[in-house]
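Each remark here refers to the structure printed beneath this line.
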Amino acid sequence: MEKKATSNETEPLTSKKDVSDCNEGEDCKENGLLVRNPKSALRLVEDGNKVHPSQGDKGEAAQISNGYSGVQSSVPGNGMGEAEGAQCTAPAATTTSSSTACGAEGQQQLMELEDRETWSKKIDFLLSVIGYAVDLGNVWRFPYICYQNGGGAFLIPYAIMAIFGGIPLFYMELALGQYHRNGCISIWRKICPIFKGIGFAICIIDLYVASYYNTIMAWAFYYLISSFTAELPWTTCTNAWNTGNCTNYFSKDNVSWSLHSISPAEEFYTRQVLQVHRSNGLDDLGGISWQLTLCLLLIFTIVYFSIWKGVKTSGKVVWVTATFPYIILFILLVRGATLPGAWRGVLYYLKPDWQKLLATEVWVDAAAQIFFSLGPGFGVLLAYASYNKFHNNCYQDALVTSTVNSMTSFVSGFVIFTVLGYMAEMRNEDVSEVAKDTGPSLLFITYAEAIANMPASTFFAIIFFLMLLTLGLDSTFAGLEGVITGVLDEFPHVWSKRRELFVLILIIICFLGSLATLTFGGAFVVKLFEEYATGPAVLTVVFLEAVAVSWFYGITQFCSDVKEMLGFTPGWYWRVCWVAISPIFLLFVTCSFLSNPPELRLFDYDYPYWTTVVGYCIGTSSVICIPIYMVYRLLSTPGTLKERILKSISPETATEIPFGDIRMDVV
């Protein structure tokens, strides 16, 4: 409540007495704004020395814990920093009109800040982050990589890479987004402007992901629709799409399994859903599957109406999409554990092969798995955290969500391998022969076939593919929100009041970009994008992000920011990880990938050499934004080369820190 001024109070900040030149080493009060004098040093004040403004001296400067002067504003929160490209400074001789203009600009930016929505509840944020981190890869990628790289022994490099690489980067992005309250593009004005190209690279990567990731969900949706029958269509060899090699070893007839035998589940996946037999490869993709197109259109429709209003609506949707998979995983785990031969799969999954720990590729796979599972570098964590309250405990959030993510991956392995053990028992083969399928094939062929031959197969098929859909929807919400928040924060004057329109345009772009993956050879395109379009590009982006924050913005300043939010400074473990270990971790994985690019093969198709070149070009098309913007920034900044570099690596926009009714600007 505003109180009447007394004789002891200072003059209003809008008076000409306040718009005066700043003395060296002091903070300036201009037009009701707090501006940090760039010449003054940062002063850290102990808690016992804090001075808070009393009711009788609201206008007096008060030292706050970070050494900045707080000024009680006549308008709540009327504290702004320097706007990009212009400074609201006014010497004593400045006219009243210029003073009013600066004040208007500050109030306009303030209104944008105060209008920023926040999560309705803390649990909405946690479920959204968990839903983003826990996706389809947790179900198919981790179990396969685990048994391929030494079973239980793989958990050692996995845990080490999580502790020293994945979790620190996860924590760093949450803290950055929550403190600066900006998306992946505009946040760099407050950190290190020359690295702003990282934000544009992130948006392009997210669009690439949306162009193929949702197609995998369209496959799952097709399976879901096909599951509403008394007899699942991938259980028999009498359908129009089946060939003479189709062999149903689950049938009551005495059937022998040969080298040329193909299960009905595999033929349903390859010849009915994907129809890859109608394509000759990437140089001849064939026509577009209208069935998958309709499935994808419905998925994008669901996505649009889930995110078009912002985090307040998507935060409610994740109550279903983030929790439902855990219910289904538990049901499938119990069912799998009761199947004959389940113990064979579990033994194969966890039996340690200690010799594998001496192989470099095992550590590379562990680093890549934890990194892509937690998901820093996609702009999602920055966007989601930017809608948090300023003093939210993002440190606790980082530990909780990363732990839930890793435990989900581990439990998913039991869900998958109990069923693989059952399959091996039925085929009278070793588990290694059954577990040859990787990636989506593990879900759509092997697991689908096992479900089809269980009692109550229709029920288990429906809930399984529903689980896949909900796992994918969470990640799609998050990936697109990273782009939406980034663009809306960068161009608020254009899109801030037109979010629904921008989301619609973005969904249409993603749908059109997915058309190549909906062709008969679309599975080949999905594999190419999955391996090359996102992997090395995201690793490069996060490496540069860690370097920019730790080495240019400064680890001391970043830790000071964390203390402003949480009340405590990150310890030496976090500092060492951010400065050295995490960047080395990222550089290690990136160099390993580039030095030994994967040789792609899908079904019976070997990718030709030129597809590797195309893949690297796709990956480079996003990362190239970073050096291009650096060159543009240096060329467009006035001054000598040294002055241009110094201006380009120094924060140019203030970050407002709420302190009760006091608002402070920090540069």
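All positions are counted from 1 along the displayed chain.
Cβ atoms are placed via backbone N, Cα and C, with glycine included.
So that you can see what the record holds, here are the features copied from TrEMBL:
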- 14-30: compositional bias 'Basic and acidic residues' (COMPBIAS)
- 48-60: compositional bias 'Basic and acidic residues' (COMPBIAS)
- 50-77: domain 'Sodium:neurotransmitter symporter serotonin N-terminal' (DOMAIN)
- 63-76: compositional bias 'Polar residues' (COMPBIAS)
- 125-143: transmembrane segment (TRANSMEM)
- G131, A133, V134, N138, S373, N405, L471, D474, S475: Na(+) binding site (BINDING)
- 155-176: transmembrane segment (TRANSMEM)
- 197-225: transmembrane segment (TRANSMEM)
- 288-305: transmembrane segment (TRANSMEM)
- 317-343: transmembrane segment (TRANSMEM)
- 363-387: transmembrane segment (TRANSMEM)
- 399-424: transmembrane segment (TRANSMEM)
- 444-469: transmembrane segment (TRANSMEM)
- 501-526: transmembrane segment (TRANSMEM)
- 532-555: transmembrane segment (TRANSMEM)
- 576-595: transmembrane segment (TRANSMEM)
- 607-632: transmembrane segment (TRANSMEM)
Which same-chain residues, if any, lie at least 6 apart from S475 (Na(+) binding site) yet have Cβ under 8 Å of it: G131, Y132, D135, L136, Y213
Which of G131, V134, S373, L471, the listed binding-site residues, has fewest other Cβ atoms within 10 Å: S373
Feature contact check the transmembrane segment (197-225) with the transmembrane segment (607-632), CB under 8 Å, 3 or more pairs: yes
Neighbours of G131, A133, V134, N138, S373, N405, L471, D474, S475 excl. site residues, C-beta within 8 Å of centre, Na(+): I130, Y132, D135, G137, G375, T408
Interface present between the transmembrane segment (197-225) and the transmembrane segment (576-595) (three or more C-beta pairs under 8 A): no
Segment proximity, the transmembrane segment (363-387) to the transmembrane segment (125-143), 3 or more C-beta pairs under 8 Å: yes
Folded-back contacts onto the transmembrane segment (444-469), same chain, C-beta under 8 angstroms, at least six residues removed: 136, 139, 217, 219-221, 223-224, 227-230, 232, 234-235, 250, 263-266, 268-269, 273, 299, 324-325, 328-329, 331-332, 335, 339, 416, 419-420, 422-423, 426, 434-435, 437
Stretch in 155-176, 197-225, 317-343, 399-424 most in contact with the transmembrane segment (363-387), if contact is a CB pair under 8 A: 155-176
Segment-segment contact (the transmembrane segment (155-176); the transmembrane segment (317-343)) at 3 or more Cβ pairs under 8 Å: no
Tertiary contacts of the transmembrane segment (197-225), as residues 6+ beyond its ends and Cβ separation under 8 Å: 136, 183-188, 273-274, 291-292, 295-296, 298-300, 303, 377-379, 440, 444, 448, 461-462, 465-466, 468-469, 472-473, 475-476, 479-480, 482-483, 486-487, 490, 509-510, 513-514, 516-518, 522, 525-526, 529-530, 533-534, 537-538, 541, 544-545, 548, 618, 621-630
Spatial neighbours of the transmembrane segment (399-424) far in sequence, C-beta under 8 Å, 6+ residues away: 126, 129-130, 133-134, 138-140, 142-143, 146-147, 155, 158, 162, 166-167, 170-171, 326, 329, 332-333, 336-337, 339-349, 369-370, 373-374, 430-431, 433-435, 442, 446-447, 449-451
